[in-house]
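**Q** Checked TrEMBL, it gives:
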COILED    12-60  coiled coil
DOMAIN    60-396  domain 'Kinesin motor'
BINDING   Gly155, Gln156, Thr157, Gly158, Ser159, Gly160, Lys161, Thr162  ATP binding site
Amino acid sequence: LENTKNENGKRIKELEMERERHLKRIATLENDYFEAKKSIQSLEEQRRFLHNEIQELKGNIRVFCRVRPVLQSEKEKSNGEDLTQHIVYPKDNDKGITLVQQTESAMGSASSKSYPFNFDKVFDGTSTQEKIFKEIAQLVQSALDGYNVCIFAYGQTGSGKTYTMEGGEDKITMGMIPRAVQQIFIASEDFKKKGWIYDIDCQFLEIYNETIRDLLENDETQKHEIKHLSHGRTIVTDAKIVKVKTSDEVYKLLQIASKNRSVGATLCNERSSRSHSIFTLHLLGHNELTDEKYESSLNLIDLAGSERLAVSGATGDRLKETRAINKSLSCLSDVIAALGNNEPHIPYRNSKLTYLLQNSLGGNSKTLMFVNISPLFANLQETLCSLRFATKVNSCQIGTAKKILKYNS
């Protein structure tokens, strides 16, 4: 019996010592966990800082020029003629493009005039959707980091704006909008490891004849107003906002919006978009480790086709549409010019388009414009107009973007 007591006492001491070892091990692991968490937080803060520094160095407003390829139907009508001989890409320079115009005097002497342009990037007709998205992927990332981001496509009807933004239905031809959506959801899932949880809302509007329409509802009787909230968010009253959890849910909404968008025929394009479409993802981010909370938006915009009235051949309703489009684009030009000149008053309210984009153009945003141009010599004058406008945008300084103020949960 005495031996049994001794053995039990010895066993109890061994168990107590083992318990102490386990407690010390748990304490060490807990300390390692908190140190690792602090390290992850520090690395995440450093990543966000460096990422934003790179984007700031590139400029808060950038311009990419994209030349669409010559269509097969255009090649068939050309009788072997080089339709793009007036476009020159400088060697070893992916930022330059030159238009060359051949003229002949009344006396028969030939001469040429060159119009050189430089942007942040120039893509020729062979550039793929994937290649182009790689250039804007880091900008899309900034939306998850708490910054407003605005990407829009500008250019004459038939220059490839809608293809750039929406693209085709397969993985190769899908455009910037579905690719951006895909990246947002992949990245937000990855960010869960760093403590970030995102609520994502989707909205799709169009501005048609200076009237806002909800492309997810298609109720033309509903009136909508633009309101800018004090913390930097823009809302449109009575517009449908859908909470989304997967990219597939967004793709279904994109299909609905595409069917509801206003289209009409002009001489420039048999099926021409006659409205500005504005796709927006609202992002509410909350880091459970640091309790940081950010609200931001990603705006992806396909502007209506720009063309002179004489070129469009518009009459009746088409004439009214073209005038409304040109007025809003002219207002956009005025806003860009006012920002570039650092004027005290910026005329955002002169059009629904510029008023809606006020927070995306006015300094607290990272903005990129695609200027889409036709490769055809027949469109040279329209191309010159587009590139000159894009040059104004590219020279504009809109200040340093700031993260959106913390929202109240």
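Keep in mind that glycine also has a Cβ here, set from the backbone N, Cα and C atoms.
Remember, TrEMBL labels are computer predictions, not curated facts.
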**Q** Quick one, of the binding-site residues Gly155, Gly160, which Cβ has the fewest other Cβ within 10 Å?
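**A** Least crowded of the binding-site residues Gly155, Gly160, by Cβ count within 10 Å, is Gly160.
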**Q** If you draw a 10 Å sphere on the Cβ of Gln156 (ATP binding site), how many other Cβ atoms land inside?
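**A** Taking all protein chains shown, Gln156 (ATP binding site) has 25 Cβ neighbours within 10 Å.
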**Q** Hey, what's the Cβ neighbour count for Gly158 (ATP binding site) at 10 Å?
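**A** Other Cβ atoms found within 10 Å: 22.
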**Q** How many other Cβ atoms sit within 10 Å of the Cβ of Ser159 (ATP binding site)?
**A** 30
